[in-house]
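Student: Input: one structure, supplied below.
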6 protein chains.
Amino acid sequence: MSGDVSRPSGRALDALRVVSIEPGFSHHAEGSALIRMGGTEVLCTATVEPKVPGFLRGQGLGWVTAEYGMLPRATHKRGQREAARGQQSGRTLEIQRLIGRSLRAVTDRRAMGELTITVDCDVLNADGGTRCAAITGGWVALHHAFSKLVRNRVLPAVPLLGQVAAVSCGLTDAGAVLDLDYVEDSAAEADANFVLTDRGAIVEIQASAEGAPFTDAQFAALHTLARNGVSALFAAQHAALPKD
Amino acid sequence: MSGDVSRPSGRALDALRVVSIEPGFSHHAEGSALIRMGGTEVLCTATVEPKVPGFLRGQGLGWVTAEYGMLPRATHKRGQREAARGQQSGRTLEIQRLIGRSLRAVTDRRAMGELTITVDCDVLNADGGTRCAAITGGWVALHHAFSKLVRNRVLPAVPLLGQVAAVSCGLTDAGAVLDLDYVEDSAAEADANFVLTDRGAIVEIQASAEGAPFTDAQFAALHTLARNGVSALFAAQHAALPKD
Amino acid sequence: MSGDVSRPSGRALDALRVVSIEPGFSHHAEGSALIRMGGTEVLCTATVEPKVPGFLRGQGLGWVTAEYGMLPRATHKRGQREAARGQQSGRTLEIQRLIGRSLRAVTDRRAMGELTITVDCDVLNADGGTRCAAITGGWVALHHAFSKLVRNRVLPAVPLLGQVAAVSCGLTDAGAVLDLDYVEDSAAEADANFVLTDRGAIVEIQASAEGAPFTDAQFAALHTLARNGVSALFAAQHAALPKD
Amino acid sequence: MSGDVSRPSGRALDALRVVSIEPGFSHHAEGSALIRMGGTEVLCTATVEPKVPGFLRGQGLGWVTAEYGMLPRATHKRGQREAARGQQSGRTLEIQRLIGRSLRAVTDRRAMGELTITVDCDVLNADGGTRCAAITGGWVALHHAFSKLVRNRVLPAVPLLGQVAAVSCGLTDAGAVLDLDYVEDSAAEADANFVLTDRGAIVEIQASAEGAPFTDAQFAALHTLARNGVSALFAAQHAALPKD
Amino acid sequence: MSGDVSRPSGRALDALRVVSIEPGFSHHAEGSALIRMGGTEVLCTATVEPKVPGFLRGQGLGWVTAEYGMLPRATHKRGQREAARGQQSGRTLEIQRLIGRSLRAVTDRRAMGELTITVDCDVLNADGGTRCAAITGGWVALHHAFSKLVRNRVLPAVPLLGQVAAVSCGLTDAGAVLDLDYVEDSAAEADANFVLTDRGAIVEIQASAEGAPFTDAQFAALHTLARNGVSALFAAQHAALPKD
Amino acid sequence: MSGDVSRPSGRALDALRVVSIEPGFSHHAEGSALIRMGGTEVLCTATVEPKVPGFLRGQGLGWVTAEYGMLPRATHKRGQREAARGQQSGRTLEIQRLIGRSLRAVTDRRAMGELTITVDCDVLNADGGTRCAAITGGWVALHHAFSKLVRNRVLPAVPLLGQVAAVSCGLTDAGAVLDLDYVEDSAAEADANFVLTDRGAIVEIQASAEGAPFTDAQFAALHTLARNGVSALFAAQHAALPKD
């Protein structure tokens, strides 16, 4: 592993891919955003329903949850449709649990009241980093849905405690790099997803050796890349928010 | 039922919605098209695989099949994700069988050889007529995939016998109308889907009384609307084909 | 395709198979009928339950629905039991939706009140045309169930607006023919199912090219065959009704 | 529990219901029989396939297996269709395993060679004792299928070692009784199914206290009833065999 | 089949394996017992819930039910995890129904009131006779749970009408033998499970010819072995009961 | 969150629970270990099969995978059996993927050759930290299975590159603590699982804010606790290895 090898995309080690977030792609959802990170495109929609799951009823708390899916040909090779297979894969369930936890971590669930917001993240085109894109775009969809509730006077203010965004990092032949695309991700020795807030706090870290275990120093390098990388994501989110 | 009432959209009785077909939306699929008919948007991708289902093996015939899905919030009210529910609905299965039959009807399966092409039709936004849009857009995705096989010298020519497109018609308060949107579809006394070829032949007719049964004359009126309406769809398909 | 070839069964082009409808085969159902169309035998039972599905509750409307099944060895080759496979096929779901729509089209759902009638159609022996036989026989089972409700003074009159029956037609080597058996159905270029009322109205048309698309004239020939063919079915239904 | 109370049906304690076995009900199966025991009617079909399950391959042994089903309205109250529910109940699986074991116990699996015969037992009308009727009728369907293989010179002789039939007995208010109908079965303190051969041997006994445990003497009384009762079933089977 | 051959384990024909029942293995369950019969080990837990299934509501009766499972590597060859396969096998369902019936047969369901007790029987190591061990151990777990309800003054007394235990017998090369281990069970001509009470009554008998049918005399020999064999099980149960 | 509050268990902030690892609990598995960490008990078995999954065939590489399950009453409240529910939960799938990745990270898959080892981890009693216990105990079961292959001369040496063990840490009212039990886990603001090797490298980190996001300093404190805490686990593993 060394810095003499360049990244397949030619990007600098600490360079994000081009990010864009287009709100309002969905015609019906209370909030929506189509996020692109390089060749990865995820459509995020937020649906508001005036109820909460049974385990929360009567507690004055709201619920934010997420579902994740991938169109069969979002990938290089067509994947079997999960609806046809009759069940969601472990990977899908793991990802949607992560997205839900990440969004709840910056939501004031008492302030939102007994509502449920379901954020659906569907990958239209995949080129690595889909779960991170889903979190970053999902937050924008969620904000739009909350803003609509404020405009409709259902809520006095958007009950979000801050921004949350996510980025992947990994150890590759080129060294520690930020925002892996599919080619890098497939060959990485280790990869990590960092879910961070705009105030510098950690919501979730998932770091995993795909090949050999890695050292504390390598982990610290990934952490630093992520901490620096997310600022561009917070800016892109901000730019996509509803203007008052 | 009478002509004094105008359509909710203000369209003429025999007017299609605005149609557009954008090829190449998918980054990975051999062929793809994003079709819009008014507020209905369907992403169609065509995947080529060098094999055929067991019942066709060794016969020198290819296979064209389709799958259909709808994003959970493509509709006014969020629908449960079929992958989460663990099975596809009867409606989904019925629609994807229709799309597959329609595309096979204009494919020269002997000329294509022992390949399978799977056309995935995923509804991003729904406003009525999704199955018709899927057939019309699916044909373009299929043509693009075949064209790529021709460019790659896998096939000597595109093995399509002509164009196929589909449109819905229905009996509403405004009378017999072409290309129902969701509001009209929900309230129609009867609706019919016509799958037709550019040479004027019939691939499939599905006409169904939602309320009272209808007369032969009413059915003839629907048939005439469809026969006239599809020409614009054939033009839109043509415009979206690969230029040589 | 030409008239010089005779039908495998030796029947005239416009000849139905022998039809018989035996009511009361089921010991427990509120209404039942065993219909035979040539070698096709379908047991239809109608079950009355004093409730309606959630989406209808409190509207004063009843519900008529249908389920369809086939015994594993109703066919030439044993089919896997759907209960063992763990799900109903798309074909099964498509057929039972058609039967339900057809029966609802002639039912006065307001007059029947908040009851549900489930018509189960189980194919004991199959030789083509099972969905059409199920509709024709299902209507008799439904009438018997309603008649029992009238005898028991639950309803003042049978809430049926007329008779509904169905027949298949197809384009074969022998030309356009009525009431296809399995051998004809397997080889037909196109086939169509017509669901018609005794007053000459259309409830449903499903016409489908299995091979090459067909012309308007061919479709009209099929439609005429069906229109003439159903009268014998209405007579057979009438003969099987409860005598007062 | 005492003999002063008579049976709901008025039958003597040791009286079977009227039994009839009609072979050939199925148009396509290699063997079939419609068995009636009073109000219980089971259609049994035997399907021959030239293969064996993986665990038997290459051993020169055949396989006989069974599947069991009940039409939704075979019973007083409509039961949910197992195919719709997505799985077979424990009761269904338990019954079909019993039928399969019973038929295998009298089959010379070496003499039949590497064939599989699947006996489908579908209950058209249920009034108690459906599993016993399925075994008794299933044996006739199996014999017919084997006879057809002999006629077609696939086998030199019918590879059956004897007859097998089954009957239920139970402890009721009327005392120990033979061949319970539904009313008796629902209220019995204990019931037992005896699967016996025409040579007086035991294939299977299943005796079960529904209420209080029962004594050895009571069990012996049930066993005696069964031993005497099955002779009429063997005669009915014999009468339904193919005549040479 | 003759007595000249000795048993694989060297045991006498009428000898049980070493039995031990260790209560309290589970940290959380209201009652639990780890039963060992030779190399078979089953963990039984009893869970109390203050509700009854819908069909019992409001009748003043309790419910005792059982579930059965086997760890994937409880056996010589690893079995697929039923949770991964997505359904329980027919064997599993059959066994858990048997355990539930057996325990209910000695429970005073009126005296226990509207509670449900679920007895989970999970096989940690299997060497034949798992269902019998589950019944014998399950009764101890059930008694412990009831005793806890008595200690907590929810019930005035343990609502059990006696003890129930089960043992297998079979016809092997060595003759009729008691308490088959896996090796014997695999090769037995017939096997039988006897579920008996401490007062000498029968709760359930399941006797099944795996090979040739067996005679009344052979069945009587098995029955005698079982009747004598269970006394040691009742003693082991007694020894494992809570001491007051 | 402050150090003035003591832990529910009275343990020091950096104290592990009592750990024990008992090898050989399973009678049939090639390797097994029953690990206890306080009130958490997990039975780990390793099964060797002479084959690899399709995607690895012919590459000379072995495979190590894991499955995870929990007995229904391993917890305070009985959980529904996943086999009965018909599918494994997202939590289960997530955990078993983690265990498999962790064990593969220290396995020399080329040295083990084309074998598959499946490590089943079944929780008998749960009191927090079950996934960590499964990894730590699973490594011992895996080592035993490899040792058996060495003894049987299938492999020249145990193909493990070192030890791997896991421990949880969390932010609680008492501050940053090591090895959370159930009570602490339920109330923690954040928890993290660290999977580490005996050479000080990282295999996997999963850190997650359950409530408010946490700081880099807090994360560092958790990391330090884990790094120190695992040494006792490595010692316990070592003590449980086969003695030569």
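Each residue, glycine too, has its Cβ placed from N, Cα and C.
TrEMBL annotations: computationally assigned, not manually curated.
So TrEMBL lists these for the protein:
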DOMAIN    B:16-145  domain 'Exoribonuclease phosphorolytic'
BINDING   B:R91, B:G129, B:T130, B:R131  phosphate binding site
DOMAIN    B:163-227  domain 'Exoribonuclease phosphorolytic'
Student: Might you list, by sequence position, any residue in that chain lying six or more from B:G129 (phosphate binding site) with a Cβ less than 8 Å away from its Cβ?
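Tutor: Correct list: B:M37, B:T40, B:V167, B:S168, B:D179, B:L180, B:D181, B:D185.
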Student: How many angstrom lie between the most widely spaced Cα atoms of the phosphate binders B:R91, B:G129, B:T130, B:R131?
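Tutor: Taking every pair of listed residues, the largest Cα separation comes to 13 Å.
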Student: By the count of other Cβ atoms within 10 Å, pick out the sparsest of the binding-site residues B:R91, B:R131.
Tutor: B:R91
Student: Starting from the Cβ centroid of B:R91, B:G129, B:T130, B:R131, which together make up the recorded phosphate site, report each further residue of the same chain whose Cβ lies within 8 Å of that point, ordered by sequence.
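Tutor: For the phosphate site the neighbour list reads B:Y68, B:I95, B:V123, B:A126, B:G128, B:C132, B:A133, B:A134.
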Student: According to DSSP, which kind of secondary structure is B:G129 (phosphate binding site) found in, if we only use helix, strand and coil?
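Tutor: In three-state terms, B:G129 (phosphate binding site) counts as coil.
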Student: What are the sequence-distant neighbours of B:T130 (phosphate binding site), meaning same chain, six or more residues apart, C-beta distance under 8 angstroms?
Tutor: B:T40, B:V42, B:M70, B:I95, B:V123
Student: For the domain 'Exoribonuclease phosphorolytic' (B:16-145), how many residues does DSSP put in helix, in strand and in coil?
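Tutor: For that range the per-state counts are 42 helix, 41 strand, 47 coil.
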Student: Looking at the domain 'Exoribonuclease phosphorolytic' (B:16-145) alone, can you tell me the average pLDDT?
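Tutor: Looking only at the domain 'Exoribonuclease phosphorolytic' (B:16-145), pLDDT averages out to 95.
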Student: Based on DSSP, tally up the residues of the domain 'Exoribonuclease phosphorolytic' (B:163-227) by helix, strand and coil.
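Tutor: The counts are 18 helix, 30 strand, 17 coil.
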